[in-house]
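For reference, TrEMBL has these:
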BINDING   GLY441, PRO442, SER443, GLY444, THR445, GLY446, LYS447, THR448  ATP binding site
COMPBIAS  128-137  compositional bias 'Basic and acidic residues'
COMPBIAS  138-152  compositional bias 'Low complexity'
DOMAIN    423-628  domain 'FtsK'
REGION    123-168  region 'Disordered'
Amino acid sequence: MSESTKHRVMEIRAGLSHALGAAQMALERAYEAREAAEARYRRIVAAATARRRKLAAARDERVREIDTWHDGELAALAGAAAAAADRAAPGAAGEPWHSWDPTPLEKAAELRVGRLMLPEAPVPAPVRNERPARPGDGEPWTGGAWAGAPGEVTEAWAGPDSEPPDVTAGPVMDDTPPEVPALVRLLDHGHVVVEGDRRTGDDVVAGLLLRALGTSVPGQVQIIGYDPENLGGGLAGFAPLATAGVLAFVGPGGLEKLLDELVGHVRRINETVLAGEYTSLRELHAVTKRRPEPWRVAVLLGGGGEPSRHERSQLDRLLRTGAACGVHLVIRGIRVAPGPGIDVIVAAPGDDARIGSAGALPVRLDPGPTPSVVTATCRQIAEAVAAGPAPVALDSLLPEAGAEWREVSAAGLTAPLGDSPQGPRVMVTLSDYPPHALIAGPSGTGKTNFIYAWMGALAARYSPDELAFYLLDFKEGVSFARFAPGRRDPSWLPHVRLVGVNVNTDREFGLALLRFLSGELKRRADAAKQHEATNLAELRAEDPEGAWPRIVAVIDEFQVLLSGRDAVSGEAVDLLEDLARRGRSQGIHLILASQDVSGIEALWGRPALVAQFSLRIALPRARRVLPETNGAADSLPRYHAVVNADSGAPEANRVVRVPSAGDRDQWSSLQHRLWRRRPPELGPPRLFDGDVVPRLADSPDYRALRAAGSQAAPIALLGETIDVAARSARTVLRRAPGRNLAVLGTRVDEACAVLATAGRSLAAQFTPEGARFSVVCLDTDARTAAEALHARLPDCGWYDPENVDWLLEDAAAEATAAWPADRPHFILIYAADALPGGKAAGDQLRTVLRQGPERRLHVLGWWRGAGLLRDTLGGHASRTDAIGAWVALDVHGSELSPFYPGQGAPNWYPRPWRALHFDRSVHRGAEVIIPYGSS
Ligand SMILES: Nc1ncnc2c1ncn2[C@@H]1O[C@H](COP(=O)(O)OP(=O)(O)OP(=O)(O)O)[C@@H](O)[C@H]1O
């Protein structure tokens, strides 16, 4: 082999070995790389596994958190929904039947029909202090683990714009999630259509009606049933309401008429009640707090065939417009297209029912109320309705506190009397027209209350400078006494100038009031003439400084004054007629009230008098005060009145619901308020109480007596006159023939009271020595009283049957003496008819009676009969002019005619603690007086 060949072989070998070495190295490196790659792969796999585990843990934690949050959120929402439902359906609107009771509410509520079936919430999480985080809240996921340690709630609730509900409070954390009631809106909102299962639907209708009735004031929900299939059987449990007029049924053919009527109501309410001022009764109520119309709920149960076209269109009208006017429909079995304000209930047993307002949420309907609950409630409501509406408070008639006495009475007196059933207040004016009012109502219908309410409304608006009351009550009892100061309450109504109570036997007091008003009328007429004014408004304008309040004279049970056919009623009617005719323009208004004006002959015999009373007020079942053609009073509910300012013309009727003014607390708070505002110079009214015996010490005339000069003619007071002013009856014992006083009758106490009054009042006019008194007691029954008087009189001699002859002898001598009498001598004789001493004594007494007065010797004697006095004076044919004044007690008028010159017998029937006084020197006729009591 050639060297070159060898060399080449060697070169090739060396090349191969080099290549092999390189290949081995490359292989090794490849092995190394593979190992490294495998190691990396293993690391990556391990890392991925770890990350997945971590992620799964984070996810589980987050899911747990979401569950917890969802649970809390659901519970909170359910709680909030339940609370909202409670607010929307409080009391009887939402209470379950087992604990249900009627609870009238302020405003219409939503009514519960069942409960919403909310999605099942997981078992509530344990109580925690923080709010669970919402998913998506907190740190965003960065592709790695959730920020914060796994299992830890890192974030408090941070809702963007709402406060979180407190999940730890209230029912939320209760074990049982709160029940969310399913509610529908009926009253003041809309209509309810019930579809689906029939029996369940019946229960729904019964429940709805009962809840509507139970949440409103009895009578405010009226139900009209149309049940052609069962003829009312579907509403049988509600039957007790029918007796009170709260439930009515229409027959199978009556749907059209019913719908027409309801449409009529809607139209009327829109026109006259809402009258463009309000869009709905709900709004009217919200603004005025009044609900002048009831809710009318028509329950239309199908089965009468498809409604006619007319019925259908009326139905549609009501569905559209009824709710605003309180006309609501509850419909079952009649097809109705859905629309706004119509809540559809698809009735089904179990949890499958639906109500429109709950959307897709299933509803479990409540079972119906038990028949016993329905009947008991309906009975209760019927009784309450029959008993009449609850009284309205007097405050509703009054202006705001602090806004009193702002009105001016120049043109008239205007005040509200209450609300009309349609809503607006009924205002009544006394002015030139109508000037006077006639009120009638059988006993117990609220006539007196009406007068109180009217007086309260007037007194709160007009100050005592603008209005004065004169009040007279002929009823037994003291109903007007509250206006005068009493023992328990010293306040009085500042406008009241006179109160006469218990005057049923003292008709003279009524006459006195009319006479007084007549005098006032004359005074006003004279002033008007002087100022060339034709009515009060003009007089007040011409004489702004003058005191010309409008006068309102109220005479309750005035028929007592006019009923007797005697001089009192004759004069009273004359005065009334004059006052009624002329008082209108002089601001003197008469309010006459009576149980039954139909019996007052004196009134109906004088149509001109009646015509002046153009304001007529009739309480329920009042007769004759409205004309025969006007029967409005017959159907009046309790505590209502018809007010008619046009002499009873039916078109002028206004019905008013009268507030209760009888409540003493309410009245006295008004009276005290006004009393505290009274002008300081305004004193209390004169209170004449026929049941109270007056006291001489209280007599203004007695208190005014002073010891005068010895030449002044002494005045003997005798008793209180029945008069507007508390005057004392008097007789002046001048130095003139006949100036003696005789007290006639058998009643010892009253005779002694008159003599005591005369003696004490005479003594008050003299210094102790200025006059001489002699008390002669000839009747042991009168001894105590005579001794009491004797003890009170200065320089007073005491005589009895033993020594009266001395006195008479002296007195007869004194009466006939020629020397001038230096001081008066008053001889007070108790039982003068029992004078001992026979003819001689009789002659002496006669001498004293006839001649004594001219010599200032006056006899004030008590004879126990008019005939006995006649005997003293000399018998049947004798003259009686020695007795110039007398006071008759239990003596009949006819017996007094000899002492009643020229006028026949006075009209007098004895009555307890009253006397008839006549003084021939001043009186035209006799006057009734009340002896002062012994104090
Ligand atoms: N509007 C009213 N609201 C509440 N209660 C009233 C109302 N009117 C009258 N009453 C009550 O009815 C009863 C009778 O009322 P009131 O005395 O006014 O009747 P009257 O017609 O004057 O009866 P009488 O002539 O027998 O006195 C009283 O207890 C009174 O409180």
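A Cβ is built for glycine as well, from the same backbone N, Cα and C atoms used for every other residue.
Those TrEMBL annotations? Automatic predictions, nothing curated.
Non-local neighbourhood of LYS447 (ATP binding site): ILE439, ALA440, GLY441, ASP556, ALA593, GLN595, LEU619, each in the same chain, at least six residues away, with C-beta under 8 Å from its C-beta.
What surrounds the ATP site, by Cβ distance within 8 Å of the Cβ centroid and not counting GLY441, PRO442, SER443, GLY444, THR445, GLY446, LYS447, THR448, is the set ASN449, GLN595, LEU619 from the same chain. Taking the domain 'FtsK' (423-628) as a whole, pLDDT averages 91 in the prediction. Long-range neighbours of GLY446 (ATP binding site) (same chain, six or more residues apart, CB within less than 8 Å of its CB): LEU619, ARG638, TYR639, ALA641, VAL658. Sparsest Cβ environment among the binding-site residues GLY441, PRO442, GLY444 (other Cβ atoms counted within 10 Å): GLY444. Take the binding-site residues SER443, THR445, THR448: by the count of other Cβ atoms within 10 Å of each Cβ, the lowest one is SER443. In the three-state DSSP assignment, the secondary structure recorded for LYS447 (ATP binding site) is helix.
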